[in-house]
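I am attaching a structure below and will ask some questions about it afterwards.
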Amino acid sequence: RLQESREKLSVCSKLCYAVGGAPYQITGCALGFFLQIYLLDVAQVDAFYASIILFVGRVWDAITDPMVGFFISKTSWTRFGRLMPWIMFSTPFAIISYFLIWFVPDISKGQVMWYLVFYCAFQTLVTCFHVPYSALTMFISREQSERDSATAYRMTVEVLGTVLGTAIQGQIVGKVDTPCIGSPFFFGLPNSSVAMEELNTTHDAASLTDTRNAYMIAAGVIGGLYILCALILLLGVRERRESSELQSDEPVSFFQGLKLVMNHGPYIRLIAGFLFTSLAFMLLEGNFALFCTYTLGFRNEFQNILLAIMLSATLTIPFWQWFLTHFGKKTAVYVGISSAIPFLIMVVVLDSNLFVTYVVAVAAGISVAAAFLLPWSMLPDVIDDFKLQHPSSHGHEAIFFSFYVFFTKFTAGVSLGISTLSLDFAGYQTRGCSQPGQVNFTLKMLVSAVPVGLILLSLLLFKLYPIDEEKRKKNKKALQDLREESNSSSESDNTELASIM
């Protein structure tokens, strides 16, 4: 009991730890929801090149996760810990690169390279923040209940971060009307020259400048929050070396550890299940702004609809934490993620109606909350199961977390690049007030039919995941017994050494 009491985390520590998850979600949400429409309609990048920027940026983001995981595993412990220095030194450079993503350079050539370089730079630097932060879960306490509780705090703050990202980016940008070109210009009607003349008026040029300034203001506000959250994390959380290691552990090389991790069945099955879930929500996130603007016709409301989704998700995180505690994590996966299916179908089947869209947004947010909470709540269970099977191997937490993120990001990059490219093939018109029928049909597929299919596939894969509630409790008790045995053995050795002395 005394040992468990020492492992208890204060509410303040949990809150400081949770706040550290906000920067990744705030910036990720702003980029996920708005970067595509920003590149197409504000920076006026051709849809083909925009797809390349989004694809390469996401894939590079995925590649950097195992790279950073490798370097973290080689990092020596310092007075601040092994993970905290990564968070400390990456923060200022990440903020600079993030701001430059939302800046439109006054250059005739090289604009695509500008966005590609700074998008990739930011993804690298935010990975240097988020991978060690994710692995920090295993270093704040040895008690699984405390880690689960801290994860619930973290998920609540992270979903709140998505609300902030959506609200800051959406409300600041939404105050400005982005000029568009009327459909006659697109379809080659006789008055297309009139549309072109209207486009070149001083008013439209000023409006576009205002829109670009609004994006930079939003980037500055988000950058300030990034710094604040990083400071709270660094000052309020202590990284405990002993929380993750057994005293009898011997270090194993990175590639040996990688081989062990990739041969661990529960880890592969968990990755496979959430891989398709992440793909579904990534497609929805990346194309929802365009879907609301063009298919539903809510050009001036889409930022409020996004905000409704994220507010709903934030408010229902505590419910899902209660649900998984009482009914188990696998049951929560089935109920939580599948609940999005009817609403994704409804939003494209019913006629465009603002009230119905808000109802669907609130209902979809409930499922988004489950998709946020469950992967990070289940991964520590897999790591504990791994430790029981490999008790002499330690220090692989960063590998688990980094490759877990790698697979989801890589496939999300592929899907987002393909979805933007498919819009180009469908005839997407940059800065159009409306889009051809093929584009609207493509957007419906990208936010409804394809995500529903991916969610159904993920639910089938979760049937193969072996760690149910009974297995999780057995692992917890076995791991606790192993630690007690290790500590008892160490104390016996110390007593014997003292008597000899």
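Including glycine, each Cβ sits where the backbone N, Cα and C put it.
Look at TrEMBL and you will find 15-35, 83-104, 116-140, 214-237, 267-284, 304-324, 331-349, 355-377, 398-421, 441-465 tagged as transmembrane segment. Annotation source TrEMBL lists region 'Disordered' at 476-501. Look at TrEMBL and you will find 476-486 tagged as compositional bias 'Basic and acidic residues'.
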Find the member of 15-35, 331-349, 398-421, 441-465 that has more C-beta pairs under 8 Å to the transmembrane segment (214-237) than any other listed stretch.
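Per the Cβ count, the answer is 15-35.
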Hey, which of 116-140, 355-377, 398-421 has the most Cβ-Cβ pairs under 8 Å against the transmembrane segment (267-284)?
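By Cβ pairs under 8 Å, 398-421 leads among 116-140, 355-377, 398-421.
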Please report, as numbers and ranges, the same-chain residues at least 6 past the borders of the transmembrane segment (441-465) whose CB is under 8 Å from any CB of it.
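Here the qualifying positions are 266, 269-270, 272-277, 279-281, 283-284, 286-288, 290-291, 294-295, 330, 333-334, 337-338, 340-341, 344-345, 347-348, 419, 422-423, 426.
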